[in-house]
Amino acid sequence: MVLLEARHIAKSFGHVAALRDVSLEVAAGEIVGLLGENGAGKSTLIKILTGLERHDAGDILLDGRSVAFSSPRQAQDAGIAAVYQEINLIPERSVADNLFINRAPRVAGLFINRRQMISDARALLSRYGLDVDPARTLRTLGLGTQQLVSIIRTVSLGARVVILDEPTSALSAHEVELLFGIVRTLREERVGVIYVSHRLSECYALCDRMTVLRDGVVALTEATARLPRARLIAAMLGRELVERSRSAQVVANDGAAAGSSDNVLHVEHLNWRRQVVDVGLDVRKGEVVGLAGLLGSGRTETMKAIYGAVTPDSGTVTIMQHRRHRATPARSLQDGLAFLSEDRRSEGIFSHLTVAENLSASMLRRIARWGIISRQRRDALVSEYVSRLGVKTGGSDAPISSLSGGNQQKVLIGRALSTDPSVVMLDDPTRGIDVGAKAEIHRTIADLASHGMGVLVTSSELEELVDTTDRLVVLDEGRVVDTLATAGHHADDVLAVIAGMQTAPSSAPAAEAGAP
Amino acid sequence: MSATLPASPRMPRPPPAAHRGAERRQRLFAVIQARGATVVLIVAALVAGLIFPAFLKPENIEDLTTAASFLGLVTLGQTFVIIMGGFDLSVGSMIGLGTVLAAYAAPYGVLAAFGAPLAAGALVGLVNGLLIVKARMAPFIVTLAALLALKGLAIVLAGESLIIADPGLFGRSANGALFGVGNLTIILLAAYAVAALVLNRTAYGSAVFATGGNEDAARMLGVAVDRTKLLTYMLSGTMAGLSGALLAAHLSSGISSAGNGYELQSIAAAVIGGVLLTGGVGTLLGALSGVLLLGMIENIINQIGSLSAAFQGLASGVFLLVAVLVQSGLTRQRSS
């Protein structure tokens, strides 16, 4: 019996079509995996199903009747509940308060019966196998436990359709297991579940069916049992998978190179949460190395852990022969490693400052004398970088917000370079910029390498990565699965490496989640 | 029920010892935050009693609570507002306006004398709330504007002051006593008892905590955030109106400058009492302790006699600073 059905949903934001024609159905007692790379339209679809956005065209049917929600509350009342990645609870209140906010048991219809509420909460938590004192303040619990409390609250609202949006990103292996228990309980209770995740092994372990979105359309819908991993990945990346022999192009992860003085960056056994697992890699002088992998494979996290933007749990990072156990951004910069974050808006740009001010933010020490910035020296350095990188700007005093995305990115690359690094990490530097600017950024990267700099780069487009790098380090679920030379090869080869990884997922997700 | 049990067996993992220690410390900090001011109040009162034998005499305690009752009632409303994540600066002027309105209405009977300032306070709170909720203006600005406007209105209505010729029953409502305990003291304690019940045991109280704790999450959880804000600003305005009415009854006059500075003193009292300035955390017992601590400073300085009243401000300021220092220390500890 189909519970919730979305038919031919379309939604545009301005001129950008987020969803063009998407249909999805969930039956009672069914777990449907919803997959797709960034920008495929998953979040838009979820927002529409939960009343956060209105669709432009198409129908949503609940029990065969057409429905339209204008608020999350309405969707909730109709029986559709969602748990988002960020935890939407009140940190300073107790677990029980959070579970029963707005629906606490009362005395005489007015006063909350706390004892009853605590014991109800205890029953609810233990029913889903979560061992937590309901009187504890939520913020004193780990993020994973908080997330589980949030999920338990949502499923206990009596929802008939539950949407879980990347619920496992904050969970430990043990907590993932508890979550799977909760989801399977829902299935037994005939609830329909939409499960959004980037972790393919989780989807294989849990989902009855999978739907893949790509560029706002459904690329694939298939029962899990009939869906080989390679086909799933091909659908996500939008390309036909051609069988090729892999052995030829795989370069041995040569340990001999590890101590080589050519290495400007050497990473060993790096771990962070469960998102970077025992990662080792090398970048040599003058080499462009790509970090390849699907969304959620740990590309960004690996870079952040190397740089010290997040504190790695273990592992060593050697930059220009300086070996560090615990990296910090300041030390990395000092040793000669620069990092350009993927998130321009929130982590990169000072949007109300000028081009010159943005560019010079990291070289203030070089251009200041006794703490006073020399405008002359600053302008000289700024114009040097502007011309070297080919930034198109009305002048270095123009506000950076007046530049195109590609040129803003060049300014940020210029800033990263202004610390005079020996190795630079660029996280998806061509994201969201037009084709012409992309080509220029590629030229800039090649130019840097030809001057002897080591470059580690990622991209959400595999083809681009293959075409612009010397070597690829392929990541899957936080681990390095292969290292291969790109010369003379095609994106499909890399795809085959990713897809060929694991065709028969084990049913115990905790086992492969690896180190706690 | 058993059929719905999850497939995976329950695996309670005993937390490591270090983690348990951290948990115990967290709880300790939470207790200090909630009860610290009350403990300090009791200890300070006992010490003061040793130094100044007159301090712990029932008459002096009653003097203290009577004098503190006006600030206490305002602080009650302010506490709700701060826990909800806002500020109400308008209360200082609302007290003065309340005394003036009570003085005007007193000839028409005790109901009118209370009704006018209370209704005016609720109305002011409603307007504050609407501007904050609907026009999305910052609480600081909205209530600051109200502070200035209401002060002007009180002066326009009454000049400096307005004598109530025959206070009668209205006067006795504040100055009378029941079983030997002054009415103002009884009203203060009763108001805090009822308020504690409302804050901790009703859906509205939960909504106040939720809104101040994480407004976006509260909305997602289905809490009526806008209604909660309106109600809370109305409560604060009403409490300021009540405080004004009782002050008018106590002094048999309306005084436009009455309550000057109470907007900040009430915030100080709440914060000394462990109410987190950023919202989401706080107790009424703590806030009341904060009020009484400020009252005690005033009372003791009066006992010493030789000290100028200016020392009162100095002592209160130092006290507030220490309270906030301890609090931010606790908050840092808890989040680390």
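Every residue gets a Cβ built from N, Cα and C, even glycine.
The region 'Disordered' annotation in TrEMBL covers B:1-21. Taken from TrEMBL, the feature transmembrane segment applies to B:28-52, B:64-82, B:112-133, B:140-165, B:177-199, B:230-251, B:271-297, B:309-330.
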I need to check the long-range neighbours of the transmembrane segment (B:112-133): which residues 6 or more away from its ends have a CB within less than 8 Å of a CB in the stretch?
86, 88, 90, 94, 97-99, 101-102, 104-106, 139, 142-143, 146, 150, 170, 173, 226, 229-242, 244-245, 248-249
Return yes if the transmembrane segment (B:309-330) and the transmembrane segment (B:230-251) have at least 3 CB pairs under 8 Å (sequence gap of 6 or more), otherwise no.
no
Distal contacts, the transmembrane segment (B:271-297) - CB-CB under 8 A, six or more residues away:
33-38, 40-41, 44-45, 48, 64-65, 67-68, 71-72, 75-76, 78-79, 82-86, 188, 192, 195-196, 199, 209, 211-214, 265, 312, 315-316, 319-320, 323-324, 327, 331
Cβ under 8 Å to the transmembrane segment (B:230-251), counting only same-chain residues 6 or more beyond its ends: which ones?
69-71, 73-74, 76-78, 80-81, 84, 86, 88, 90-91, 94-103, 106, 113-114, 117-126, 128-130, 132-133, 164, 167, 170-171, 173-175, 184, 187, 191, 204, 208, 258-259, 262
